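Enquirer: This is the structure I have questions about; it appears just below.
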Amino acid sequence: MRITKIFKDYRLFEIFILGIVSGMPLVIIFSTLAVWLKESGIDIAVITTFAVARLSYSLKVFWSPLVDNFKIPFLSRWGHRKSWLILCSSLMALVLIAMSKENPEVSLTSFYFLTILLGFLSSTFDIAVDALRIDKFDQETQSIASATAVFGYRIGMLITGAGALYLAEITGNNWQLTFCVIAIIFVVATIFIITVNEKELVREKINIISITSWISTVINPFKDFFKREFAVTILLAVIFFKLGDAMLGAVASPFYIELGYTKGEIAIIAKLYGLIATLVGGFVGGIVMYRVGNFKGLIITGIAQSLTHFAFIWLNHQPPSFEALLIAITIENFAAAMGATALVGYIGNLCNKKYSATQYALLSSASSLCNNTVTIYAGKLVNMMGWDGFFLFTIILALPALFILMYLNTKVNV
């Protein structure tokens, strides 16, 4: 297929828009909500417990067969994948409207429930979007579709990251209005989803046999992985590799607010410019892995991403300035993206090609599940250690992974 014909394909526009919608809730849960809570006077130890809402992204593999096979009454006439997208998108709009009506200072329990529900709906939406993309495109155009979806996803993250912070800033900290605007975007998205074309496929009905088969598809890749020598040690390296970065990420936005940075400055530097630093770092990380190999690449990027946390200790002792935040964000995002790229490549090489998709999902889910669980306690550690002590602790957290990788380098050929 000619490249010009590919980019004239309307299906790519559909996937791009769905990618935007898919990326929007993630940043609300991971970052934007933390700024609102911090400005409302909520303690950092409480704010980081909202990380429990992220667990849905790690656990979604367990209910993805339901999204594949269960027909939603009434909505399924629009199309099987679309029915799940319509349901999740419309419910996310309602959740965001409900959040806009709440005051976190007086209704924190409601905020917990709504945030967890948003995470569940968002992760389920992701399952349906990925499935729809795979259904709509053949093998020749699948990579273009995936790249388009990722690009849309990044745009969605900017809308609810930089966009939401900037809107809250110019409206005088009117978070209620900000969340209402985001909810309206989801309403418009729901209407758009109805117009999306879906290729209907014959689907297997859920029964005892299919449930047993589903259990086997999850268990067998696990069994295959743990048959290998040093399997548990490898898994520990994967889990610890990004743990320090995950801990830092959980408190970054409240940290900027506490230092005296405005939401507009955070939007422009941490979110908008930070994305550029992340993309460049990811590209460099890929080159490093290609040049020096998996183990050496992981060790190099692992050391780099942990040492860059010293930039936050330095930032903690600087008066709020555009330049200081720019330097810290450049160093941290660049190195973190290098590490993330290296980890993705390493996990990919660990997978048995017979179970590549499932083992990759399970290994990455194990890493994110542990990280998201531990980050719940990040705020308590900040209160106990102070900011400098906490950032030093995140550097130390990288050491187990580095020592394990150095040990494995002499034992395992990956």
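The backbone N, Cα and C atoms fix where each Cβ goes, and this holds for glycine too.
Pulled these features from Swiss-Prot for this protein:
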TRANSMEM  15-35  transmembrane segment
TRANSMEM  44-63  transmembrane segment
TRANSMEM  84-104  transmembrane segment
TRANSMEM  109-129  transmembrane segment
TRANSMEM  150-170  transmembrane segment
TRANSMEM  177-197  transmembrane segment
TRANSMEM  230-250  transmembrane segment
TRANSMEM  268-288  transmembrane segment
TRANSMEM  295-315  transmembrane segment
TRANSMEM  324-344  transmembrane segment
TRANSMEM  360-379  transmembrane segment
TRANSMEM  389-409  transmembrane segment
Enquirer: Are there at least 3 C-beta pairs under 8 angstroms linking the transmembrane segment (150-170) and the transmembrane segment (230-250), leaving out pairs fewer than 6 apart in sequence?
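Expert: Between the transmembrane segment (150-170) and the transmembrane segment (230-250), which are separate recorded stretches, there is no contact, as judged by 3 or more close Cβ pairs.
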Enquirer: Would you mind listing the long-range same-chain contacts of the transmembrane segment (324-344), meaning Cβ under 8 Å and 6+ residues beyond its ends?
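Expert: Sequence-remote neighbours of the transmembrane segment (324-344) are 238, 241-242, 245, 248, 256, 261, 265-266, 269-270, 273-274, 277-286, 288-289, 294, 297-298, 301-302, 304-305, 307-309, 311-312, 314-315, 318, 364, 367.
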Enquirer: Residues sitting near the transmembrane segment (150-170): Cβ under 8 Å, six or more positions beyond its termini, same chain?
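Expert: Apart from its flanks, the transmembrane segment (150-170) reaches 15-28, 31-32, 35-36, 177-178, 181-182, 185, 262-264, 266-268, 271-272, 275.
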Enquirer: How about the transmembrane segment (44-63) with the transmembrane segment (109-129) - do they touch, taking at least 3 C-beta pairs under 8 Å (6 or more apart in sequence) as contact?
Expert: yes
Enquirer: Against which stretches of its own chain does the transmembrane segment (268-288) lie, if we need a Cβ under 8 Å and a gap of at least six residues from its ends?
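Expert: For the transmembrane segment (268-288), the far contacts come to 27, 31, 154, 157-158, 161-162, 165-166, 252-253, 256, 297, 300-301, 322, 325-326, 329-330, 333-342, 345.
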Enquirer: Out of 84-104, 109-129, 295-315, which stretch has the largest tally of CB pairs under 8 angstroms to the transmembrane segment (177-197)?
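Expert: Answer is 84-104, with the largest number of Cβ pairs below 8 Å.
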Enquirer: Counting only residues 6+ away from its ends, which parts of the chain sit with a Cβ under 8 Å from the transmembrane segment (84-104)?
Expert: 18, 21, 25, 36-37, 40, 42, 67, 72, 75, 78, 110-111, 114-115, 117-118, 121-122, 124-125, 127-129, 132, 175-180, 182-184, 186-187, 189-190, 193-194, 196
